[in-house]
Amino acid sequence: MGAVESTEGEREPLLVPSQPATNTQPGLSRVYGRRWFVLTMFSLLGFMQGLVWNTWGPIQISAKHVFEFSSTDIAVLVMWGPVGYLPWLLFMWLMDKKGLRASLLLSAFFMVLGAALRSVPLKDLYYRRWMIHGGQLLNGLAGPTIMSAGPLLSTTWFAPDQRATATAIASLIGYLGSACAFLIGPLAVPAPNGTVGSTVYWNQNHIRDRIQFVLYAEVGMIAALFVAVLFYFPSRPPVPPSVAAASQRLSYRSSICRLLSNMRFLMVALAYSVPTGVIAGWAGVLDMILTPAKVSQVDAGWIGFWSIVGGCVFGVAMARFADYIRGMLKLILVLMFAGASLAATWFTLTCLTRLTHLPSTTATLYTSCILVGIFINSSVPIFLELFIETVYPVPEGITCGVVTFLSNLFTGLLLFCLTFYFTGFTAKKTKIFPQPKQTGTYGIDMDLNLAQRDIVPMSFSF
């Protein structure tokens, strides 16, 4: 019998694999060089959002003298960040349905509008304070996207072996902006020189001009970033970088229901949100906390700066380490929290020096505060990667939106309690220790209690 050529159908395999081996087909995934530009634009917006949020805490003494803020006002200005997170469900829906570009453009618009509102040079201090509060609230409305979209961006644009590093950069750059506020504020805005006898020597107009210069610079940088994002910021690349980025995810409603019914996720979210929320609110009023320990505005700024910068650097290093060792996330977090607990206990005992008789020096305050910031802030990208692995295939933006909302909830609760604490303590102290107003060199009345005596120390532990 002669040989007959087989047909195309006869050459088909009898057993077809249930899932095609997509990892063997290089044409289905690709990484683009433009991913670094996208990450840079997103990170710079996060940097400016954190910088604007932490504007007033590091210069609270100067702001009190110029704008007649009280300690309660400073705490409320910081609290507008967590309050702006209340419509987080709307931003998560927009991110899930319309993509990252639409959500980021809306957030950047709120940032521009808020920064512009703060910089309007009104002479009436009553309306000027309301404008500043409104600007801080608008900046807080950018928080849901800026703080939650980092893991979504890293999964959408980066290969699996770069994802944790990209998540660390995108999520920690906002903390770096807060850290730079500790540095820029006290260095750019001079603090009152203190008192000599009953006379206060300081130039109010000069301090006001320096604050106005900082506000103008911030609105200019945010406007430039908004224009750049408006011209080019794609939601996703033409070809996904991995199989996971191209896989089908749950719908918005199904994702929310699954997250709220997953007890393992809720337990890990609680472990993340309590310490990170407390440390965020604590850092926002760090200058007021350290004032009773006779720490100057500049020194408090340096403490806050190095605590957050150390956390950012250490967090990126640990995320890079986690890119290669994926099974040790829990152990890394346990070690970080153990170090944070020891450092927080050290700081608490140092503040209670009258009871513990431990030495309270500048070195101990610097070291304990910086260690707390390093251990807590560096855990953020590790936690976010753990969340994504725990609840897959829930979209990354929705997952991180839930946990960052919980973190901001605890930040808001802390600052809300502090506003009533400062108000009650100031009222009680004014009744017991009334102080006459003193007239400064430039003929300006000021209450010496306002700058030095209405602040109380605060300690915490994990």
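Along the chain as shown, the residues are counted starting at 1.
Each residue, glycine too, has its Cβ placed from N, Cα and C.
Looking at 141-160, 241-260, the range tied to transmembrane segment in TrEMBL is 141-160.
Within its own chain, the transmembrane segment (36-54) has Cβ neighbours under 8 Å at 78, 81, 104, 107-108, 111, 114-115, 118, 136, 139-140, 142-143, 146-147, 149-150, 153-154, 157, 166, 169-171, 173-178, 180-182, 184, 218, 221-222, 225, 228-229, 232-234, 283-284, counting only residues six or more beyond its boundaries.
Long-range Cβ contacts of the transmembrane segment (300-319) within its own chain (Cβ-Cβ under 8 Å, at least 6 residues beyond either end) map to 58, 164-165, 167-169, 172-173, 175-176, 178-180, 182-183, 185-187, 283, 286-287, 290-291, 332, 365-366, 369-382, 385.
The transmembrane segment (265-285) is in contact with the transmembrane segment (400-422), judged by 3+ CB-CB distances under 8 Å for residue pairs 6 or more apart in sequence. Proximity of the transmembrane segment (141-160) to the transmembrane segment (400-422) is established through 3 or more Cβ-Cβ distances under 8 Å for residue pairs spaced 6 or more apart. Highest Cβ pair count under 8 Å relative to the transmembrane segment (211-233), across stretches 74-95, 102-121, 172-191, 365-388, 400-422: 102-121.
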